[in-house]
Amino acid sequence: AMGQLIYGPVSDRIGRKKPLYFGLALYAIASLACVFASNEWALIAARIFQALGGCVGVVMARAAIRDRLDMQGSAQAFSSMMIVMGLAPILAPIFGAWILNFFPWQAIFITLALIGVICWLCVHFFFKESLPVERRLKLSVYQVTT
């Protein structure tokens, strides 16, 4: 939840694409850090950073939908997004258990890092900035943190 509070206002100021780059890179790097964690505290720290990076997708998806679509189109897109967000926590443990049948637990985090890299590449090649410069807000650090 902390990351969502930061990414929203920051993306209103600098656009949607840069926070996506940052968040997805953080997610992929933190996922790899989980693979090499030497103890439970290192794993917990890496998971915190993984969560801070991973939450960028939901925030930017909602923002891009609002930027690009009218009220009716937004409602339809949000409905579709909710279906995916509802299925993810159901399917992810099944997929994770399947991975564990064949590989050690670190393979789950390698898979997550690869997904992060693939998402980063998709943003780079296919996502067009949805917030034009003229519509960006001029926020101060104080406004973002309060």
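We count from 1, first residue shown onward.
Any Cβ shown, glycine's included, is placed from N, Cα and C.
Predicted automatically and left uncurated, TrEMBL annotations should be read as such.
Annotation source TrEMBL lists domain 'Major facilitator superfamily (MFS) profile' at 1-146.
As annotated by TrEMBL, transmembrane segment applies to 20-38 (among others).
Away from its own ends, the transmembrane segment (44-65) comes close to residues 1-4, 7-8, 11-12, 16, 19-20, 22-31, 33-34, 37, 74, 77-78, 81, 85, 112, 116, 119, 127, 130-131 of its chain (Cβ-Cβ under 8 Å, at least six residues beyond either end). Among the features that TrEMBL reports, transmembrane segment is placed at 44-65 (among others).
For the transmembrane segment (77-99), same-chain residues at least 6 beyond its ends with a Cβ under 8 Å from one of its own Cβ atoms are 58, 61-62, 65, 69, 107-108, 111. The transmembrane segment feature in TrEMBL is assigned to 77-99 (among others).
TrEMBL lists 105-127 (among others) with the feature transmembrane segment. Outside the transmembrane segment (105-127) by six or more residues, the chain places 16-17, 20-21, 24-25, 27-29, 31-32, 34-35, 50, 53-54, 57, 64, 96, 99 with a CB less than 8 A from a CB of the stretch.
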